[in-house]
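Annotated features in TrEMBL:
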type: DOMAIN; residues: F:78-177; note: domain 'Fe2OG dioxygenase'
type: BINDING; residues: F:His96, F:Asp98, F:His158; note: Fe cation binding site
type: BINDING; residues: F:Arg168; note: 2-oxoglutarate binding site
Protein chains: 6
Amino acid sequence: MLTVINQFLSASELAHFRQTLDGANWQDGARSAGQLAAPLKTNLQLDDSSAAARSLATNLSAKLSQHPLFISAALPDKIYPPKFNCYQNDGHYGQHIDSAIMRCADGSSLRSDLSATLFLSQAQDYEGGELCVEIGGCLQEIKLDAGDMILYPANCLHEVKPVPKGQRLAAFFWVQSLIRSHQQRQQLFELDQSIQALTIKLGSDDEEVRRLSALYHNLLREWAYA
Amino acid sequence: MLTVINQFLSASELAHFRQTLDGANWQDGARSAGQLAAPLKTNLQLDDSSAAARSLATNLSAKLSQHPLFISAALPDKIYPPKFNCYQNDGHYGQHIDSAIMRCADGSSLRSDLSATLFLSQAQDYEGGELCVEIGGCLQEIKLDAGDMILYPANCLHEVKPVPKGQRLAAFFWVQSLIRSHQQRQQLFELDQSIQALTIKLGSDDEEVRRLSALYHNLLREWAYA
Amino acid sequence: MLTVINQFLSASELAHFRQTLDGANWQDGARSAGQLAAPLKTNLQLDDSSAAARSLATNLSAKLSQHPLFISAALPDKIYPPKFNCYQNDGHYGQHIDSAIMRCADGSSLRSDLSATLFLSQAQDYEGGELCVEIGGCLQEIKLDAGDMILYPANCLHEVKPVPKGQRLAAFFWVQSLIRSHQQRQQLFELDQSIQALTIKLGSDDEEVRRLSALYHNLLREWAYA
Amino acid sequence: MLTVINQFLSASELAHFRQTLDGANWQDGARSAGQLAAPLKTNLQLDDSSAAARSLATNLSAKLSQHPLFISAALPDKIYPPKFNCYQNDGHYGQHIDSAIMRCADGSSLRSDLSATLFLSQAQDYEGGELCVEIGGCLQEIKLDAGDMILYPANCLHEVKPVPKGQRLAAFFWVQSLIRSHQQRQQLFELDQSIQALTIKLGSDDEEVRRLSALYHNLLREWAYA
Amino acid sequence: MLTVINQFLSASELAHFRQTLDGANWQDGARSAGQLAAPLKTNLQLDDSSAAARSLATNLSAKLSQHPLFISAALPDKIYPPKFNCYQNDGHYGQHIDSAIMRCADGSSLRSDLSATLFLSQAQDYEGGELCVEIGGCLQEIKLDAGDMILYPANCLHEVKPVPKGQRLAAFFWVQSLIRSHQQRQQLFELDQSIQALTIKLGSDDEEVRRLSALYHNLLREWAYA
Amino acid sequence: MLTVINQFLSASELAHFRQTLDGANWQDGARSAGQLAAPLKTNLQLDDSSAAARSLATNLSAKLSQHPLFISAALPDKIYPPKFNCYQNDGHYGQHIDSAIMRCADGSSLRSDLSATLFLSQAQDYEGGELCVEIGGCLQEIKLDAGDMILYPANCLHEVKPVPKGQRLAAFFWVQSLIRSHQQRQQLFELDQSIQALTIKLGSDDEEVRRLSALYHNLLREWAYA
Ligand code: NI
Ligand code: NI
Ligand code: NI
Ligand code: NI
Ligand code: NI
Ligand code: NI
């Protein structure tokens with residue numbers, strides 16, 4: 001399941017991100033790819049230990065932890081500190097699968113259940129750069145506007161197409177979800193939406209609203225950390 | 001979870017059952033108990049191969065397979081051919097747990113997920129004979145009227161108390177459910193009831209009714225035969 | 001995952017199917033839909049007990065059980081006896097999810113893991129009639145040529161679009177797979193294909209071919225009937 | 001399964017708890033309830049950040065981590081820092097289910113497998129205030145003496161009945177168990193008790209004591225963190 | 001876990017088996033191996049449809065279904081109709097893994113959890129012919145006397161060493177166990193043995209005997225058909 | 001599965017370990033055994049809080065976290081801080097199973113999936129002292145050279161045989177693996193080795209190398225932390 005969160009960043013937040021990235025210290029992205037993926041990758045990445053990277057990552061993490069739609073869709077347990085990359089001059093990242101276990105700078109690890117890309121450049125400002133995700137045997141091409149975010153299952157083959165003109169800036173990170181199974185997480189997301197819709201139609205003290213709410217919490221209890 | 005199905009048999013069906021059992025061929029019940037349970041059991045059981053037993057068992061099985069409440073609560077995959085017993089003269093069955101795997105007369109087997117007792121004597125016509133089930137650390141005493149049925153989890157310790165006066169006739173059988181877990185089966189049962197209640201309130205083409213109905217079928221698909 | 005099997009039927013087999021269906025006894029399809037789905041369904045279905053239906057179903061079942069690509073992709077445990085339907089005069093089937101447990105005419109049941117449609121009319125001979133499947137958040141429109149077959153996960157919302165002109169004949173059925181999980185089944189399918197490709201490149205006595213083959217069988221052993 | 005631990009607090013510990021709670025800073029309990037539960041809740045809660053709350057919570061946590069019966073029954077992995085509440089003047093908490101995931105003040109989370117209430121007022125000193133837990137389809141009413149503790153499965157519907165007279169003080173907290181499943185945790189608890197009983201009867205070097213002890217540790221190994 | 005059942009056949013049963021196999025119709029064993037295994041296999045197999053094969057297979061199946069040690073160790077759900085083979089003149093079967101799903105002659109299938117070999121020739125009457133099973137990283141060589149049987153996990157690499165002199169007759173078959181996991185099946189086997197040993201020491205109405213017996217049945221109920 | 005890592009320590013590292021252990025503060029090992037195991041244990045253990053113990057443990061942990069073969073075979077999630085013991089004068093440790101949950105000095109816990117022994121004395125310098133592990137019904141005797149390490153499943157019965165002459169120094173620790181199941185961990189280890197072998201034969205951009213690599217990461221994603 002792909003989840004698009006439009007306008008995750010407000011216009012002013014976006015401006016702040018762009019300003020901070022200007023003149024930041026970019027490095028060869030292949031340095032952070034695994035052995036198999038490195039030859040596929042020709043992009044730039046921000047030095048994670050730079051002040052710019054750390055400030056934006058902290059900012060973004062804080063925003064994620066309070067965003068109701070992100071929380072309901074991702075049910076995050078751990079979030080990898082966001083990283084920032086830049087594709088230009090035909091930069092691209094060939095088809096690959098992300099590693100299952102990601103080691104964070106602080107020595108802890110997480111399982112990458114979901115991958116996320118937050119677009120920081122306007123779609124019209126560069127050519128190419130589509131994120132192509134193969135999901136359920138169907139190839140999805142994703143190119144969002146600046147400030148929009150996409151969540152996709154990390155077990156999917158995906159690639160970023162070459163950017164022959166302009167510059168594609170983005171943040172990316174992984175989520176270890178409370179719920180490993182994409183189907184179960186999707187079922188909880190839809191059940192949550194049904195409960196909200198029924199609460200509006202029938203009121204929060206309707207018997208079915210209460211019963212479905214108990215179902216939501218008990219399914220979450222059965223499935224979390226499994 | 002205990003499920004009571006009141007008036008599972010109609011008055012005329014009950015009369016037919018009682019009439020057929022009159023003068024039937026009763027045997028020592030300890031013959032059909034396992035090695036550990038046999039000393040605990042002092043009741044009578046109908047000879048399974050007798051015409052009376054076969055006719056009533058067939059009759060009962062057919063009724064079970066078309067009873068909406070029984071189906072929704074038990075989600076039966078296989079039903080052990082019902083047997084019939086009789087407690088009188090202080091007959092009883094001490095505390096025990098039913099075997100997990102039951103071998104049927106036709107050579108097939110089933111896993112006993114649920115135990116069922118269909119009461120065939122009026123509660124006022126005998127003393128004692130309570131079915132006592134220890135469930136969730138709580139002792140439940142069950143004594144229903146003739147024609148009523150109780151379903152209880154087969155992994156519970158249970159006993160039938162002595163019958164010092166009168167006669168307690170009953171049918172009993174086991175169910176292998178599509179859904180092994182009592183909690184999951186209960187969750188499906190309640191979701192089914194919510195869908196029915198919401199269908200009445202909101203109509204069958206309401207979006208949440210459709211969405212919850214898809215959830216029901218997909219949870220059933222995930223959990224059936226697991 | 002969608003799996004297309006092109007030319008599942010040869011030209012002569014197709015001719016035989018079409019000939020047999022001509023003048024067959026068609027009924028209102030809503031009769032076989034569940035309570036929620038019936039109002040959505042305006043098509044025709046062949047009487048399952050007719051000679052035509054029984055002969056074609058037997059024929060098709062036999063062919064399925066010996067078709068290597070179908071077996072490798074579906075890993076079938078049980079196959080629902082194929083049924084035949086006909087959409088014309090704006091006939092359609094609105095968006096729905098198939099029931100999780102299907103009862104066969106012989107009293108046995110199966111869990112519908114996969115749904116299959118075998119197209120029996122040439123795509124150019126009718127308008128509309130696309131099978132639309134929502135998978136991974138992506139809407140797939142499927143309209144194949146006569147003799148081609150599509151397999152899709154039975155837990156997906158799907159519909160058949162109206163057929164305003166011409167006639168859309170098809171067979172459809174469900175598969176209970178040895179492997180309930182779509183992801184695991186897909187992994188086994190791809191591992192099988194890798195083993196075949198490596199056998200051609202490296203020979204059947206290559207150590208890795210043998211080791212991967214052992215992995216295939218032991219994953220199948222862990223996952224079958226789970 | 002309900003587990004009662006009588007006299008969890010000694011008389012002197014209880015006196016210390018009561019003394020510390022006297023004159024403490026109580027707040028409206030509805031502030032800490034979820035959106036659905038808030039309207040149901042009319043009680044008082046101690047400010048978690050107050051010195052009284054922090055001192056008692058630390059004291060209680062330390063005691064829990066060394067209490068053999070609590071450890072054997074709960075097999076705790078994480079314990080939510082205990083909170084304190086007070087029901088009086090008809091204060092009550094209507095029927096609800098506790099959230100599955102609880103966020104602690106330090107930013108970590110836990111899954112609420114078990115709920116615990118430590119009674120701090122003598123049962124005779126207030127009217128009402130029963131903790132009613134629906135478990136296995138059976139409604140259990142719990143009203144213990146000061147110093148006694150009850151553990152109950154957090155997936156049960158429960159409520160606290162109004163307290164029209166007197167004051168009901170209690171500590172409450174949640175446990176994420178090493179063993180998510182209530183049935184498996186109960187099986188380990190009983191196996192532990194059997195091993196202890198057999199050790200007394202047969203000695204610790206009896207072959208069956210050793211074999212059952214290996215079974216205990218290997219079941220725990222299979223089930224912990226699952 | 002390897003399980004040896006000594007003297008599964010009595011001397012007279014063995015004599016009957018040997019007599020029936022004399023002059024029976026042997027075929028090239030490679031005919032029944034899979035594509036990868038066929039080149040590894042140079043032995044003879046009895047024609048399954050011959051009167052000799054059918055009579056011995058029936059005889060053996062009946063004996064298996066009533067043999068307490070076999071039942072306790074294998075917890076059989078389905079047994080593949082036994083087959084018979086003969087190694088001589090350097091006949092052997094190179095290292096391989098048995099297929100996970102076996103199709104029986106009657107069209108049904110089973111999952112091969114356990115492999116079994118019943119030796120029908122005296123060990124001293126032939127050279128070589130050891131069954132070598134790689135289990136837990138340890139190579140076990142098995143050569144039993146006529147009438148003895150070995151059960152081994154079907155997910156192990158194994159081979160039959162060449163027989164340069166004499167003749168090695170054997171029956172072999174597969175078992176789909178109620179319990180897929182070798183570790184769980186072993187745990188149930190040992191728990192069963194502990195219960196039997198404690199029954200002798202403490203009597204069948206000892207509280208721990210009863211409690212462990214309930215544990216056995218409830219673990220079996222949780223794990224059977226999973 | 002037993003995994004031997006030869007020369008885990010280089011000669012100079014070994015010399016450093018031996019030098020540090022000389023004159024260290026040894027204590028009675030029974031102090032750290034559980035209640036059942038204590039009477040079985042007559043060896044010496046280094047005081048964990050001593051400078052020698054802490055320095056060697058830190059040194060060893062760092063080396064483990066960067067050792068490719070250890071990582072591929074153990075897929076470690078958490079490692080218990082290594083401890084050091086010494087067997088001499090008939091010291092031994094009778095047959096036992098290690099506790100499932102180990103509490104570390106820092107208050108955290110881990111599940112012991114794997115046990116490890118790093119031999120620090122030359123095999124020829126002492127008599128006896130074999131580590132005997134019962135695995136798959138087969139008794140393995142392990143006595144390695146100084147600097148070599150053995151990993152074995154922690155759910156196996158094991159013992160250390162008496163050391164009548166000389167001195168047997170060793171480090172030992174437990175690993176909580178990302179992958180609880182020994183079979184799944186072994187399958188990932190072998191798949192990793194196949195991918196490496198195929199990369200050498202066919203190159204890293206071979207389609208099957210890529211596909212198997214995706215399989216590795218997605219199986220790891222499914223199984224990690226389960
Ligand atoms: Ni990527
Ligand atoms: Ni019973
Ligand atoms: Ni459909
Ligand atoms: Ni509550
Ligand atoms: Ni074989
Ligand atoms: Ni040990």
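Cβ atoms here come from the backbone N, Cα and C positions, even for glycine.
For the binding-site residues F:His96, F:Arg168, the largest tally of other C-beta atoms within 10 A is found at F:Arg168.
F:Asp98 (Fe cation binding site) is surrounded by 19 other CB atoms, counting those within 10 A of its CB over all protein chains shown. Taken residue by residue, the domain 'Fe2OG dioxygenase' (F:78-177) breaks down under DSSP into 3 helix, 58 strand, 39 coil.
Taking the mean position of the Cβ atoms of F:His96, F:Asp98, F:His158 as the Fe cation site, the remaining residues of that chain whose Cβ falls within 8 Å of it are F:Ala37, F:Tyr93, F:Gln95, F:Ile97, F:Ser115, F:Ala154, F:Cys156, F:Leu157, F:Glu159. Contacts of F:His158 (Fe cation binding site) defined by a Cβ separation under 8 A and a same-chain sequence distance of 6+ are given as F:Gln95, F:His96, F:Ile97, F:Ser115, F:Leu131, F:Cys132, F:Val133, F:Glu134, F:Tyr152, in order along the sequence.
In this structure, the C-alpha atom of F:Asp98 (Fe cation binding site) lies 20 angstrom from that of the residue listed as '2-oxoglutarate binding site'.
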